[in-house]
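So that you can see what the record holds, here are the features copied from TrEMBL:
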- 1-25: signal peptide (SIGNAL)
- 36-129: domain 'Ig-like' (DOMAIN)
- 135-225: domain 'Ig-like' (DOMAIN)
- 239-327: domain 'Ig-like' (DOMAIN)
- 332-419: domain 'Ig-like' (DOMAIN)
- 425-512: domain 'Ig-like' (DOMAIN)
- 516-603: domain 'Ig-like' (DOMAIN)
- 610-705: domain 'Fibronectin type-III' (DOMAIN)
- 693-719: region 'Disordered' (REGION)
- 694-705: compositional bias 'Polar residues' (COMPBIAS)
- 710-805: domain 'Fibronectin type-III' (DOMAIN)
- 810-912: domain 'Fibronectin type-III' (DOMAIN)
- 913-1012: domain 'Fibronectin type-III' (DOMAIN)
- 1021-1043: region 'Disordered' (REGION)
- 1026-1042: compositional bias 'Pro residues' (COMPBIAS)
- 1052-1139: domain 'Fibronectin type-III' (DOMAIN)
- 1152-1173: transmembrane segment (TRANSMEM)
- 1181-1286: region 'Disordered' (REGION)
- 1182-1202: compositional bias 'Basic and acidic residues' (COMPBIAS)
- 1269-1286: compositional bias 'Polar residues' (COMPBIAS)
């Protein structure tokens, strides 16, 4: 705080240019000397109850502790001399005992408390003590009030003056409040006003009551009698004001109080009151209307509420206005109350007493309870109005100053001391305080201190040498350090240092910034049927170091004490909900620092209540109007009403659905039938279901009449060749329209001049049989209803036919011609219509295969039938067997059955192409394939032979040139020789007849290289080898494998999930609307491994890499919340990564390798010739020594460790080394690529390998020679050596 000091100069004027001490109240530690301070006192106006003791409070603090004294009405009040008065110990509070019935009036007056010690004197505000009073009503005789009908009337209350003023109300002798309305109301002064009187206002017991709150007594005024006469009633008139009278008035109100303006008008009809303010609006949130708009109330009045308020009274005869001018005055109020000053010797300060009021208050000063003008003179103190300037204060200058501000409406008084001290700093805030705040909220680190002079406060953060003052830190004048928006980085240890001229002190505090508590999943609005279960979710995230507490409220109150309410970790469940459970449920998560809450509403629905009060109106002969009152919908809107009826005459107790009307209607026009006793009931349907039926309506009986309808669905047909059966659908009881309902049946032969035949039957009969009719003759038929009141309208005739008989004619001139090997064309002459004996329905063709023309031992097949409808006389028979003998018959048929068959026709089908061979098996060898096949199961003719084709398939599934062979019909086995070894071939074989080749059977197999691979592959009928798999096309031409969906991904938020596979991965796409925390998860199908999870960065596509070829995977896309819980997931996709063909190069087919091997073979040949020559001469050839001497890496034939040769190649057969051969499945295994020939040369007998290599023999011979010392004299043949090499 900045101060500038000026010294006192000769008692003259002093020029002040300084700032006051900080505007906050300074607390001096109680262990330091200080003047008294009033800490508690009674209110200024103290109304006592004579039945209770008088308690006047006055408490103060100071060092040394102050002593107390009192004045009453300005003079000393000697507490010790009055035995009924006691002063509380260590306090100045008084207790005056008036419990013995002593009058409290003796202690009425103005009390003031004084607290003093050696450093000054403080005084309390004046306390005006008055005893409450509840005087009786003065005796009076109330004359009856006689008024004419329509006149206005005022009943005066005039209660006795009490302390405090009583509460007024009007009642009758039975203590019932008099009803009030816009016509009759009580004014603010307690009088009862009638805008106009009615005859019903005549009473002899209008009583005004006054209730005195302090004494809890009620006083009663004498009853008032009112008599209303109607011998000369007052007519209608425009309004005029009873309160306040005239057209304008004024009203004064004090600032801060409540303004009550009242307008009561008389008139006939009763006027309506409205309010407005000239040049302004009513203060929002601070006004309301009372007493049927007759009273305007404004709370906490401000100067802006002054102005003209207009009340308007209006009825059908006119309107009138009254303007109330409101003037706002103000008792004194603080704008800047004086505050304590703590000054060091030779410091300066300012004490102010700033007040407002209307009119402006007068400010006076006292020091230690003495008017300042009467106090000892102090040369360093100067008073200027509401300000005291203190300069160069001295030790011992401590004092208490009193500021008094008053105007005609009241006064204010305040104490403030000046304490002159020399005190080093002390920090009042406890050390090592831990402040915990929530992220983004303000953090306040306190450093309360005291010292004189006032210490300056500086703050440091651990690890930061600079002073904390500036964004984001704010240092307040009281030493508090504020961080407006605290973040986790602000956590740590802080140090505050308080320093003045006498020393310094420091204090350490700690700040911890916590994560906020947030509700991640809020409870949602629930609509639940009664007796069902409701569950509200409330998932919360909070700082893990804070202890959370979750509570649930219903309508902002505790949950009912009911076992049906179960609070879970993150939910509230309510079982068997009832209507009483409806309301707003709030989830509140509290920690020690913050809370978060969310609410949702529970609506309980159930079936609607049944409609009530059914009423029949507008009753006519054939219709009636039904109305009803809907029942309670129970929070689910009524969708429709179902109207049912009961026919008590014909079907008592059975209710039938009649019609439906929308749920917005409560009436329906019902069409009725004659001769019915109707009762109606109504059911309501809402979203839950139907209500119970309503109570039945009254019965409504309609009069009988002739039938309106004839029987429906009239038909005529025959069941025998000589009868006619007439049938119909019977009429219902509602269609009878009257008694004695019968059915009149009429018939005659169509297009024949004859009279109608008639017969009457009961309504319960629905069939009539006419006998002795011609076969299949048309008849005209009529069926008509009749009762005692007449016939139904004449029906239109219906045509029916008498019964049918079996056809008597057979189709003639049947012709058959085989169009090809599987279809035959047929035709015939139609039978004469006279022989059909009924309605022609068509022809049935019966045909069957008698035998195969190739196989004599074949058996006939079952008979097949083909129907040709109507009068068709030609057609085709499909699905025949080639090269077969068939039989055929034709019959005509009608509704009765089939006629006689035609003569049997025989025909043959020509030869066709055969079926494919029954099987094809392939047995591979070194350079050939042995094929076996079976003849086709369907020869379809005489086999003329087989067509065999084959072609090689390379490692990339490309096909080589095609070779073709034609084989005899009796051959079922062939050997394909001189093929390339270790090569895959594709073989096609088909059977032939004179009609051509049949379908082809295809298989694949590969030639082999050694005895390890000589085992024939397993070949199933109709398939190629099952091991190893072989791709049929290069990967660039293979279409992407389609994923297999275990379940279609449907619904929100994931849509259209697709995938495609690549060499070692899968590409996944989808559509998604929701949170962006999305992952792709996958694992191997049918494994128990955990899902591998890969995040998706805001896109809707993802490439899964590193998948293994030939493996099947499960893949899904999921959305997770912040706690890694799955919120949404697609269904699983099943994808298979295709096995890719081997792209390694077959080294055995490379030119450079072949050349190298030829060179090696040539060198070995030379060595063998030399060895042969040496042996013929009788010498011994030390091969091992020569090999050791020969260091050329390209000519080293053997390895030292196992005696085997290195790499080589046959130049003629182009057979690959073991390390470079290509397996039949087209893949090259890494572990097989070793260049060692041990597997070829370590045979037990040292014989040649399958590829003609002599390495094993040579290696074995070498070992033998070593063991025997080369004693053999037999010379090896160079021819044999060459042959073995070749």
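Even glycines carry a Cβ here, placed using N, Cα and C.
Where the annotation comes from TrEMBL, it is an automatic prediction and has not been curated.
For the domain 'Ig-like' (36-129), the partner stretch with the highest count of Cβ pairs under 8 angstroms, out of 332-419, 516-603, 913-1012, 1052-1139, is 332-419. Here the compositional bias 'Polar residues' (694-705) has long-range neighbours at 610-612, 614-616, 619, 621-622, 624, 626, 628, 646, 648-649, 672-683, 737-739, 787-790, meaning same-chain residues at least 6 beyond its ends whose C-beta is under 8 angstroms from one of its own. For the domain 'Ig-like' (239-327), the model's pLDDT averages out at 94. Between the domain 'Fibronectin type-III' (1052-1139) and the stretches 332-419, 516-603, 913-1012, it is 516-603 that has the most C-beta pairs under 8 angstroms. Residues in the domain 'Ig-like' (36-129) partition by DSSP class (helix H, G, I; strand E, B; coil) as 7 helix, 50 strand, 37 coil. Here the domain 'Fibronectin type-III' (913-1012) has, by DSSP, the following mix of helix, strand and coil residues: 2 helix, 49 strand, 49 coil. DSSP labels the residues of the compositional bias 'Polar residues' (694-705) in these numbers: 0 helix, 2 strand, 10 coil.
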